[in-house]
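One structure below.
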Amino acid sequence: MGKRKELKLEIHESGKASKSQKLCGTNYPVCISFIVVNEFCERFSYYGMKAVLTLYFINYLHWDQNLSTAVYHAFSSLCYFTPILGALIADSWLGKFKTIVYLSVVYVLGHVVKSVGAIPSVGDSTIHIALSMMGLILIAFGTGGIKPCVAAFGGDQFDEEHMNERRKFFSIFYMSINAGSLLSTVITPILRGNVQCFGGDCYALAFGVPAILMVIALVVFISGSGMYKKSPPEGNVLLDVCRCLGLAIKNRWMSSKYDSKRKHWLDWAEEKYPKRLIHEIKMVLRVLVLFIPLPMFWALFDQQGSRWTLQATRMNMAFGSAFVLKPDQMQMLNALLILMFVPIFDVVVYPLIGLCRINLTPLKKMAVGMIFAALAFGAATLVEVNVMKTVVEPAPRGQCLLQVYNLADSDVKLSIPGSNLFSQPIKSYEDPQAYQHLELGGNNKTITVGINHNGHFHECRETFTEQKAYSLVLHSKTWGIVCQLATDNILKSEKMEAYLRFINTRSEAVNVTMAGVDFYIPADYGISPNKTVERNEYTSVRCTSGSQDFSINLGLLDSGASYTVILKGGSGDIIPQKMEDVKANNVHIAWQIPQYALMTAGEVMFSIPGIEFSYSQAPANMKSLLQAGWLLTVAFGNVIVLIVAEGAGLDQWMEFLLFAGLLVAVCIIFSIMAYFYTYVDPGELDKLFPDKTVNEDEDDLKKDQTDDTLYLNSIEKSTNM
């Protein structure tokens with residue numbers, strides 16, 4: 001990101017260079033252990049918080065899925081815009097060490113504010129939203145600001161003669177990134193769902209633990225302060241590039257048609273800037289033009305934490321009866337697969353392709369990676385189509401949902417003015433038909449429903465409110481048909497539980513106790529409230545009615561389903577009849593594995609070759625500039641998701657298909673651009689401009705350090721860490 005400075009040794013008053021302390025018999029500085037532990041804790045902190053963020057928006061702040069997705073990606077985008085700010089601060093003002101410390105304090109404050117906003121007793125919903133947004137902004141500035149500094153600061157700690165140890169350090173650093181990410185995406189959802197606080201999921205704890213980890217990261221990093229080599233800030237190449245571009249544009253704009261023509265518009269800056277710098281900027285701009293289509297890949301990739309997590313909430317997460325996965329834990333699959341795929345592609349796939357005499361250049365790999373990502377969204381579309389078969393979509397404005405329970409002694413036929421709904425006879429005690437959309441024409445409406453029963457006509461007047469779901473329960477008395485309107489729950493439980501309610505047709509009230517949940521069902525067609533119960537087989541459920549005890553068999557109450565159990569029978573028995581209002585999550589979470597595998601394969605072929613290409617095509621002092629451009633493609637990719645989520649208004653499966661199609665189209669454009677791109681050798685600059693002013697040894701050392709830093713950043717991005 002920022003311009004990488006040459007390694008320096010601290011000079012004491014005696015004028016001698018001080019050597020850092022080494023780990024037992026090795027050439028590794030002791031201080032790198034502090035940096036590695038810091039990175040582990042920071043990545044745990046960031047990904048632990050981010051893993052539960054989408055569900056926090058939906059379940060705690062009560063936002064809809066589109067708004068939750070938009071804010072999630074707005075936050076992700078900000079996290080990849082702020083590295084530019086961090087690099088500027090580090091290279092032009094504070095230096096890497098102080099930048100990491102100061103922005104880590106901002107980072108900690110963001111976590112604390114976010115955790116406080118997740119405590120229900122702290123203010124109302126407006127306060128919770130304000131604290132949450134403030135916390136996320138602070139976290140984005142913290143994590144983004146230190147991102148370009150920590151890796152380079154670690155590389156600074158090695159002596160010039162220990163380059164091999166530095167490269168091995170980056171491998172250790174990379175493992176700490178993955179360890180922090182994997183553990184956090186497993187542990188934080190458990191803290192959210194398995195620990196109950198304030199009467200529900202413990203989001204305060206799920207955010208609080210990452211806050212504690214970030215405090216530990218800061219304390220550990222500061223603890224090694226006396227051992228670090230701290231290079232002072234010496235300016236930023238990004239500023240030089242921006243000034244050069246600005247001058248060229250200004251001079252070109254102010255030039256008259258009588259001025260001598262220049263071959264390239266950047267040549268208008270030659271009066272102040274050396275030709276070598278201008279030529280280097282031209283090389284960088286050619287690569288940056290190729291970056292223009294790349295945000296679409298990240299638009300798909302980063303939906304693993306938003307849309308794909310929401311998809312998982314409507315799937316069957318159970319692996320047998322012993323283990324139930326949480327929807328926000330599926331994100332760990334990407335990190336696991338990347339550890340498997342990187343060596344497989346390097347050792348097996350690429351060599352096999354080479355044996356077929358196919359020249360797979362970095363740009364070709366990136367195009368293939370885009371196709372894999374598009375295929376991943378094609379697989380996600382197929383899963384979504386099947387998942388939606390179990391979902392009851394809420395009614396739009398001006399409508400409500402209605403189903404009918406016929407608990408009368410014979411068939412009934414309904415007539416609703418201005419509608420042909422329920423035109424067929426409804427049999428006694430049959431499972432209700434699918435929910436029907438009832439047109440209201442406004443916020444609410446009182447409707448007279450006609451009922452034909454045994455040749456007699458009855459009427460009942462009920463008031464319906466838009467966007468709600470109702471069950472109209474009919475039962476017979478000696479004088480005719482009685483109507484009861486019950487408000488239904490059609491939303492699936494985010495905890496993979498089942499919703500359950502009872503209707504008691506008996507003349508005595510019934511108490512039901514199961515899995516620690518108590519139901520009281522009044523007599524004479526009383527209806528209990530909807531309550532959630534754990535997914536399980538309930539073969540012996542305890543009931544009491546009057547002075548009698550009963551045991552009933554409800555069978556499997558499955559994840560995501562909503563059940564209505566009709567209690568029938570006389571004074572000596574209770575007979576349950578279970579009906580399914582909302583279908584269970586019958587699409588298993590294992591069906592998400594193909595889309596994760598395809599996306600990870602696409603990531604391996606897109607991200608790492610992308611960094612390899614941009615590094616190989618840029619001059620040594622411009623490589624950090626291209627790293628900034630690379631991270632900006634991630635930021636703009638999240639902006640694309642934000643726009644589509646808020647503006648498209650499509651069904652989810654259609655949105656997935658839209659993203660897949662857009663990426664295929666972008667891949668075609670990128671492939672055409674790549675076909676006409678001519679690879680260059682930045683090393684030729686020394687032949688073109690032999691009068692370079694930079695000392696050769698310093699330049700080589702700076703190039704080595706930049707190489708190492710970008711190597712780490714490429715792997716870090718390839719795991720989305």
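Heads up, the Cβ atoms here are built off N, Cα and C, so glycines get one too.
Note: TrEMBL annotation is automatic and uncurated.
Features as listed in TrEMBL:
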TRANSMEM  44-63  transmembrane segment
TRANSMEM  69-88  transmembrane segment
TRANSMEM  100-121  transmembrane segment
TRANSMEM  127-150  transmembrane segment
TRANSMEM  171-191  transmembrane segment
TRANSMEM  203-222  transmembrane segment
TRANSMEM  283-301  transmembrane segment
TRANSMEM  335-355  transmembrane segment
TRANSMEM  367-388  transmembrane segment
TRANSMEM  625-644  transmembrane segment
TRANSMEM  656-677  transmembrane segment
Checklist entry - Any residues 6+ beyond the ends of the transmembrane segment (69-88) with a Cβ under 8 Å from its own? => result 1-3, 50, 53-54, 57, 63, 99, 103, 136-137, 139-141, 143-149, 236, 238-239, 302-303, 305-307, 310, 624, 628, 631-632, 634-639, 641-642, 645-646
Checklist entry - Okay, the transmembrane segment (171-191) and the transmembrane segment (335-355): do they have at least three CB pairs under 8 Å, pairs separated by 6 or more? => result yes
Checklist entry - Out of 44-63, 283-301, 625-644, which stretch touches the transmembrane segment (203-222) the most, going by CB pairs under 8 Å? => result 44-63
Checklist outcome for this item: Counting only residues at least 6 beyond its ends, the same-chain positions whose CB falls under 8 A of a CB in the transmembrane segment (656-677) are 286, 289-290, 293-294, 296-297, 299-300, 303, 307, 363-364, 366-367, 370-371, 373-375, 377-378, 380-381, 384, 644, 648, 650
Item to check | Intrachain residues whose Cβ lies under 8 Å of the transmembrane segment (283-301), provided they are six or more past its termini | outcome: 241, 266, 363, 366, 369-370, 373-374, 376-377, 599, 602-603, 606, 610, 613-614, 617-619, 622, 625-626, 629-630, 632-641, 644, 659-660, 662-663, 666-667, 669-670, 673-674, 677, 680, 682, 720
